[in-house]
Amino acid sequence: LPLLLKATLLHLASGSYRPFYNGFYYNHIMNDDDDGQDKVDYFNGAKLVVETPQDPIYSYNGANVTLPCHYRYEPDLGPKRKIRIKWSKLRDDYTKEQDVMVAIGKTYMAFGDFKGRAHIHQASQHEASLVISDVRLKDDGKYRCEVIDGLEDESDVVELRLQGIVFPYQPPRGQYRLNFHEAERVCQDQGAILANFNQLFQAWSEGLDWCNAGWLADGTVQYPIRLPRKPCGGVHLAPGIRSYGPRHRHLHRFDAFCFSSALKGEVFYLDRLAGMTLEEAKQSCQDAGAEIARVGQLYSAWKFLGLDRCNAGWLADGSVRYPIVTPRANCGPAEPGVRSFGFPSKGRFGVFCYRER
């Protein structure tokens, strides 16, 4: 403010006429030539514009992805200027944004889980694209690309969506036993994360119909209905996502909707003539250089790798399930899906194992 006031007084004192520009001031202290001389702010009338794709960018677990971001000046200021780039991730619950990385010139710093995985891609002039390597499930979401040139600050948002699958989850002790934090943990235990609304909506559009309410990542409780019926909101309501809205994260209890993406490894089936107990199943996977598969891994193998097995097998949570891509006699309902026998306390079955490639 003192610099602006001083510049205004000098302008008035000069008595010379200059046209008014509806533009922006630039603080060139950040853009100096390291000669120790701070440059005076000036009024150049250029507008900073930041642009990202309007359509989502799709990727999958373990991949590398580039989130495009470009900026320009109107009118063009000529040679590239030394600006500051900041990337942040918007949270599903609209709390404070998560810092991803900042960069000035060739110097940059990534934060938190993005350390060692994020950097700026500047293949062309005025590019500020973000590269994320080894994409993780929780990378899914909206990202803000912010370009800062002195006193001017402009940004735009791009969305990263992971290709994956949403599955409802109940713990062994039954329906509606999880508060929000327990729901987060059970999804993580199954090689997944709590789904967000976009992921649940996509699953609904692909056919998911589930009458039990479950937690989502933003702390709301919802459920997808394709075929309206009396126990699921009534027969007169249109198909869609039913919502209970935000619930108390400690006191209220529901099921969970988990989200899993493509696998880095493979899921395979083992069996013995007499079947196996759960402990024997775990040991069999270890003997094969693998581990007993989690629920999220079985769902991912079913959707992305076409795993089709009409034999029930143990999973890490103590449940017994099997995946069907091509429905047929004696393999459950007429629709594809992952069938469940629940959490049997007794019985001998095969086992689904998971091994990293």
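Each residue, glycine too, has its Cβ placed from N, Cα and C.
Positions annotated as signal peptide by TrEMBL: 1-15.
Taken from TrEMBL, the feature domain 'Ig-like' covers 47-158. Secondary structure by DSSP for the domain 'Ig-like' (47-158): 6 helix, 58 strand, 48 coil.
Under DSSP, residues within the domain 'Link' (165-260) fall into helix, strand and coil as 22 helix, 30 strand, 44 coil. TrEMBL lists 165-260 (among others) with the feature domain 'Link'.
Of all Cβ atoms in the shown protein chains, 19 besides its own fall within 10 Å of the Cβ of Cys232 (disulfide bond). What TrEMBL lists as disulfide bond is Cys211-Cys232 (among others).
Residues annotated as domain 'Link' in TrEMBL: 266-355 (among others).
The feature disulfide bond is assigned by TrEMBL to Cys310-Cys331 (among others). Counted within 10 Å of its Cβ, the other Cβ atoms near Cys331 (disulfide bond) come to 15, all protein chains included.
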List of residues, in chain order, with Cβ under 8 A from that of Cys211 (disulfide bond) and at least 6 apart: Tyr223, Ile225, Arg229, Pro231, Cys232
For the domain 'Link' (266-355), residues assigned helix / strand / coil by DSSP: 20 helix, 26 strand, 44 coil
The domain 'Link' (266-355) [mean pLDDT, rounded to integer]: 97
Cβ contacts of Cys310 (disulfide bond) (under 8 Å, same chain, 6 or more positions away): Tyr322, Ile324, Arg328, Asn330, Cys331
